[in-house]
Amino acid sequence: MERPQLPQGLPADIERKKAEAKAWFESLRDTICADFEAIEDDLAGPLSDRPAGRFVAKDWLRDEGNGGGGRMSMMEGRVFEKVGVHTSTVFGEFSPEFRDQIPGASEDPRFWASGISLIAHPVNPNVPAVHMNTRMVVTTSNWFGGGADLTPVLDRRRIPTDADTVLFHRAMEIACNRHKVADYPKFKQWCDEYFYLKHRNEPRGTGGIFYDWLRSDEEIGGWEADFAFTRDVGKAFAIVYPRIVRTNFNMPWTEQDRSEQLVRRGRYVEFNLLYDRGTIFGLKTGGNVESILSSLPPLVRWP
């Protein structure tokens with residue numbers, strides 16, 4: 001999607017809005033972490049003889065505390081081979097080569113950004129991998145962005161009619177349809193176009209939604225409406241993905257399934273290192289490298 005021309009200027013209460021957004025992202029993080037630990041506790045199928053996983057939280061500072069920071073929450077368990085739920089609130093100045101790529105940064109390089117980012121790589125190949133991210137960015141303008149997308153790792157499950165994909169898309173569609181500022185068909189198409197491996201001519205997964213540069217006119221609710229939609233994306237994800245995990249996590253799998261999973265994870269690595277804007281943004285703005293690259297799966301295979 002082509003980047004729009006966003007209005008310049010910040011509202012008088014921008015500090016309040018920044019604080020509200022930051023608090024929401026951190027609250028959502030805590031909710032998801034608690035729900036994922038409950039899933040670890042409830043496993044009854046393969047590997048249930050192993051200890052249930054628990055998140056390990058690690059706080060980090062950007063620029064020795066002069067540019068904000070965040071919290072990495074990582075877990076390696078018997079359901080989730082690797083899952084990271086991260087929040088960050090950072091500020092500073094964009095480097096010269098990056099300013100023209102960000103709305104409002106060419107006029108003034110200063111920025112503020114807060115958000116939550118999640119990636120889950122389950123043990124069981126029947127459970128799809130997932131990614132979710134929502135954020136608020138402030139330059140001389142301000143906007144929201146984010147989305148959620150599902151990546152089944154078995155070819156027989158990578159079809160639009162698979163029950164997991166149908167359920168996931170329906171949850172995102174309902175979240176969008178509650179809000180005038182959201183456009184489900186547009187955001188779904190945007191996701192399909194964004195999460196695409198051009199060099200392999202194939203999608204990363206079975207899609208979801210993706211949006212960016214969301215700054216709506218006051219006539220349809222402005223910042224408050226955009227924030228309400230962004231919250232609903234997070235809430236919808238926090239309900240639908242645990243449901244998908246619980247539907248599949250006790251199912252048996254074969255060594256062939258595991259091999260197929262590891263090859264599909266290789267595609268995930270290729271996308272994140274070659275195309276992902278969030279990865280590039282984080283590395284170019286002095287983000288926490290360990291946190292940024294934690295989205296990569298723990299084990300992969302290239303045939």
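Cβ atoms here come from the backbone N, Cα and C positions, even for glycine.
Swiss-Prot assigns the feature region 'Important for dimerization' to residues 268-303, out of the candidate ranges 16-51, 268-303. Around the Cβ of N288 (substrate binding site), the same chain contributes W60, R62, G69, G70, M72, S88, G282, each under 8 angstroms and 6 or more positions distant in sequence.
Rounded to the nearest whole angstrom, the C-alpha distance between T134 (substrate binding site) and H169 (divalent metal cation binding site) is 17.
When the C-alpha distances from H169 (divalent metal cation binding site) to the binding-site residues S117, N133, R135 are tabulated, the minimum falls on N133. Residues belonging to the region 'Important for dimerization' (268-303) score a mean pLDDT of 87 in the model.
Reduced to three states, the DSSP call for H169 (divalent metal cation binding site) is helix. Within the group of binding-site residues (H131, R135, H169, H199), the Cβ with the highest number of other Cβ atoms inside 10 Å belongs to H131.
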